[in-house]
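Asks: Can you read through this structure? Questions will come right after.
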Amino acid sequence: MESQTKFDYESLAFTKLSHSQWTDYFLSVPIDDSELDAITREIDIIKPEVRKLLSSKGDDETSKRKVLLIQSLLSLGLAFHFENEIKDILEDAFRRIDDITGDENDLSTISIMFRVFRTYGHNLPSSVFKRFTGDDGKFERSLTEDAKGILSLYEAAHLGTTTDYILDEALEFTSSHLKSLLVGGMCRPHILRLIRNTLYLPQRWNMEAVIAREYISFYEQEEDHDKMLLRLAKLNFKLLQLHYIKELKTFIKWWMELGLTSKWPSQFRERIVEAWLAGLMMYFEPQFSGGRVIAAKFNYLLTILDDACDHYFSIPELTRLVDCVERWNHDGIHTLEDISRIIFKLALDVFDDIGRGVRSKGCSYYLKEMLEELKILVRANLDLVKWARGNQLPSFEEHVEVGGIALTTYATLMYSFVGMGEAVGKEAYEWVRSRPRLIKSLAAKGRLMDDITDFESDMSNGFAANAINYYMKQFVVTKEEAILECQKMVVDINKIVNEELLKTTTVPRRVLKQALNFGRLLEVLYTKSDDIYNCSEGKLKEYIVTLLIDPIHL
């Protein structure tokens with residue numbers, strides 16, 4: 001029987017996580033503001049030259065070349081510099097799409113055009129790929145001689161919706177051939193490296209900063225690369241690296257001033273650089289530098305709160321904390337136990353700290369909406385804990401819905417809007433509060449991916465609130481069958497997400513992109529069933545080194 005004052009967390013087989021190894025390193029990295037200014041000036045000199053390439057007049061072939069250029073800009077991390085030009089080009093080209101694509105028989109070109117138009121919300125039909133299939137509906141075997149074309153088709157297949165059956169065939173066809181290319185080593189090394197990276201995570205679901213860093217290395221090895229474009233991409237990424245390190249310094253100093261490390265139980269994770277990295281997955285552009293610091297603070301708070309709910313609080317303790325958060329009254333802090341009091345004080349401090357900035361811009365509404373989502377989040381966590389430790393057995397569907405809230409789906413989108421300031425309006429918050437199908441699908445995806453990854457550890461820790469566990473019980477299947485079915489659900493959800501991104505035409509593209517970026521965050525964190533947020537080695541270390549430590553040579 002659980003104690004009414006303290007949950008026996010010491011009885012859990014919970015493995016203590018190491019604290020972040022990166023904080024001291026990034027505090028010691030020097031930043032030269034004069035270098036940052038010099039890079040910015042050179043970028044401003046080159047950008048008009050690229051803009052000329054985008055604004056040139058011409059025929060259908062010219063429009064086609066522009067679309068291919070847009071894909072290069074996306075892959076190199078440069079598209080945000082030219083959003084207005086890209087919008088105009090694609091709107092004009094889509095009106096003439098049949099003329100532009102009609103006689104085109106190059107697999108790579110059609111695949112790239114498909115990706116670009118769908119990325120920007122233009123629903124180019126997947127029937128454009130029928131020209132590459134035989135009478136049996138299968139893709140022609142002769143296509144396998146075109147490695148870049150196959151790779152482009154593989155990327156395009158990840159933008160499929162629930163009715164794009166030809167893209168299901170394309171994914172099966174391309175993935176098997178790309179794996180054969182890796183084994184056979186028949187391509188040049190830089191192409192094989194790109195194939196390996198893409199098979200791990202396609203661009204559709206990878207974080208933009210990683211895409212840019214990897215593609216710059218690939219593009220430089222291409223014999224026909226544009227030297228001006230390559231120079232701009234390198235300068236841009238170097239500028240991003242400088243911004244990122246400055247942000248980390250700001251966040252790490254804030255965390256150190258809190259002085260909370262010695263007060264936390266050993267079960268709590270202090271994932272400092274990791275909390276910032278999760279914010280980077282939501283937006284990588286330099287204009288959202290302040291937003292990433294805001295995101296890091298929220299992520300730190302949410303990580304501590306998650307650990308307290310899962311591994312420390314008794315149900316009565318958590319109930320009192322939830323009540324206190326819902327009242328949001330400073331006086332209520334005196335009703336809480338020690339750790340609860342520290343966490344609630346941290347929440348108050350985070351909101352006060354961020355509130356000073358948004359109120360100065362007349363954006364206090366944004367913080368109010370974020371607070372409302374925090375209240376919903378802590379209530380959902382309480383429900384999960386009651387299910388995990390009590391005798392209640394929710395349905396699989398109920399767990400996925402409530403667990404999607406507890407996973408911070410809605411809260412993460414809200415704090416990303418707060419960090420964007422006036423770049424998004426009230427309609428963005430109202431849209432998320434309406435719980436549209438797109439966001440509910442992402443919440444379900446996150447819950448499923450997290451529970452697939454954590455199933456073994458949840459069970460060994462005695463934490464029953466897991467989708468795999470509930471699916472096994474509800475449908476009387478084995479663990480392996482439950483995992484397979486949940487993995488299929490994730491694949492189907494990705495198609496629904498793609499579909500909703502195309503169908504949702506009343507919401508600004510920047511807001512929709514935040515939803516897509518949350519989907520990317522989930523893929524980065526949980527692909528290959530490897531929870532990189534809680535593992536300081538492996539893929540997480542690779543990302544940190546690639547994005548922040550390895551210099552990009554100008």
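Cβ atoms here come from the backbone N, Cα and C positions, even for glycine.
From Swiss-Prot, here are the annotated features:
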- D306, D310: Mg(2+) 1 binding site (BINDING)
- D306, D310: Mg(2+) 2 binding site (BINDING)
- D450, D458: Mg(2+) 3 binding site (BINDING)
- 306-310: motif 'DDXXD motif' (MOTIF)
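I'm curious about the neighbourhood of these features; can you describe it?
Replies: Taken residue by residue with DSSP, D306 (Mg(2+) 1 binding site) is part of a helix.
Applying an 8 A CB threshold to same-chain residues 6+ apart, the list for D310 (Mg(2+) 1 binding site) reads V385, F463.
Long-range C-beta contacts of D458 (Mg(2+) 3 binding site), restricted to its own chain and to partners at least six residues apart, with a cutoff below 8 Å, comprise D451, A464, A465, N466, N469.
Same-chain neighbours of the motif 'DDXXD motif' (306-310): 267-269, 318, 321, 339-340, 343, 378, 381-382, 384-385, 406, 408, 463, counting only residues six or more beyond its ends whose CB sits under 8 Å from a CB of the stretch.
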Asks: What Cα-Cα separation, expressed in whole Å, is found between D450 (Mg(2+) 3 binding site) and D306 (Mg(2+) 1 binding site)?
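Replies: Here the two Cα atoms lie 13 Å apart.
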Asks: Would you say which of the binding-site residues D306, D450 has the most Cβ atoms within 10 Å of its own Cβ?
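Replies: Max Cβ neighbours within 10 Å, all protein chains included: D450.
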